[in-house]
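Participant: Here's the feature list from TrEMBL:
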| type | residues | note |
| --- | --- | --- |
| DOMAIN | 8-198 | domain 'Thymidylate kinase-like' |
| BINDING | 10, 11, 12, 13, 14, 15, 16, 17 | ATP binding site |
Ligand SMILES: Nc1ncnc2c1ncn2[C@@H]1O[C@H](COP(=O)(O)OP(=O)(O)OP(=O)(O)O)[C@@H](O)[C@H]1O
Ligand SMILES: Cc1cn([C@H]2C[C@H](O)[C@@H](COP(=O)(O)O)O2)c(=O)[nH]c1=O
């Protein structure tokens, strides 16, 4: 039985983690199949080790292409160890970031170029692409301000610490991707209050999953 693969994307501080934490029980209540929530970089033991290496603020000497290759390597291991086996069992796999992040951050932010980053990731993923991507859009300065406001309770990593111009290139690349692939990438305004962002994401999921999004038991009573 083939599973389904959906990703969430967005600039730093857009609220992906908050939205996914709130949405998971809702999704689980509406779909019959198992739901696997995972993330990138990370999601598997080796991939999490690569994550630590990439995001370590001490690694200021890391070359842009080295960084892109490490994200792709982390992704490959995650795909083979976690995503594909879950899909083979028929699960709905929801991943916090995937190839679009590399295109936006390394292709756009680091200015390596979308094509080169895509080619590298075609190799890493055997061309795998999500059927739906929910892109949480937020102006870069707003996302960064959220992160800075909660700096004490979360890791302020090497990518977070990049200049505003870097984050603006990341957002511009995301917006270009969303414009180029409107069938796959659905944009949600993430500068709204969190409850509204959660509701908007739920509506996108419901519309996309169609018959696979069933009424909750309570609603059918
Ligand atoms: N809609 C919102 N309005 C106000 N604050 C929010 C909203 N969504 C999230 N936040 C806050 O912004 C901060 C970043 O949110 P969160 O960690 O969920 O974002 P993220 O997209 O996962 O970020 P990153 O990708 O950088 O890890 C958190 O402190 C969270 O409480
Ligand atoms: C997958 C991926 C991620 N990044 C960046 C985006 C964030 O700044 C960090 C960590 O992600 P988190 O969601 O904040 O935990 O890594 C990237 O540059 N390229 C990628 O492929």
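Backbone N, Cα and C atoms are what each Cβ position is placed from, and that goes for glycine too.
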Participant: In the structure shown, which of the binding-site residues 10, 11, 13 has the fewest other Cβ atoms within 10 Å?
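Facilitator: Comparing Cβ neighbour counts within 10 Å for the binding-site residues 10, 11, 13 gives 13.
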Participant: Counting other Cβ atoms within 10 Å, pick out the least crowded of the binding-site residues 12, 14.
Facilitator: 12
Participant: Using Cβ-Cβ distances, find the residues under 8 Å from residue 16 (ATP binding site) that belong to the same chain and are at least 6 apart in sequence, listing them in sequence order.
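Facilitator: Correct list: 8, 9, 10, 96, 97, 136.
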Participant: Determine the Cβ neighbour count for residue 17 (ATP binding site): the number of other Cβ atoms within 10 Å of its Cβ.
Facilitator: 13
Participant: Report the mean pLDDT of the predicted model across the domain 'Thymidylate kinase-like' (8-198), rounded to a whole number.
Facilitator: 97
Participant: I'd like the number of other C-beta atoms within 10 A of the C-beta of residue 15 (ATP binding site), please.
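Facilitator: If we count other Cβ atoms within 10 Å of residue 15 (ATP binding site), we arrive at 22.
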Participant: With respect to ligand 2, which members of the binding-site residues 10, 11, 12, 13, 14, 17 satisfy a Cβ distance under 6 angstroms to one of its atoms?
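Facilitator: The binding-site residues passing the 6 Å Cβ test are 12.
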Participant: For the recorded ATP site, whose residues are 10, 11, 12, 13, 14, 15, 16, 17, find every other residue on that chain with a C-beta no more than 8 angstroms from the centre of their C-beta atoms, and list them by sequence position.
Facilitator: 136, 138, 143, 146, 190
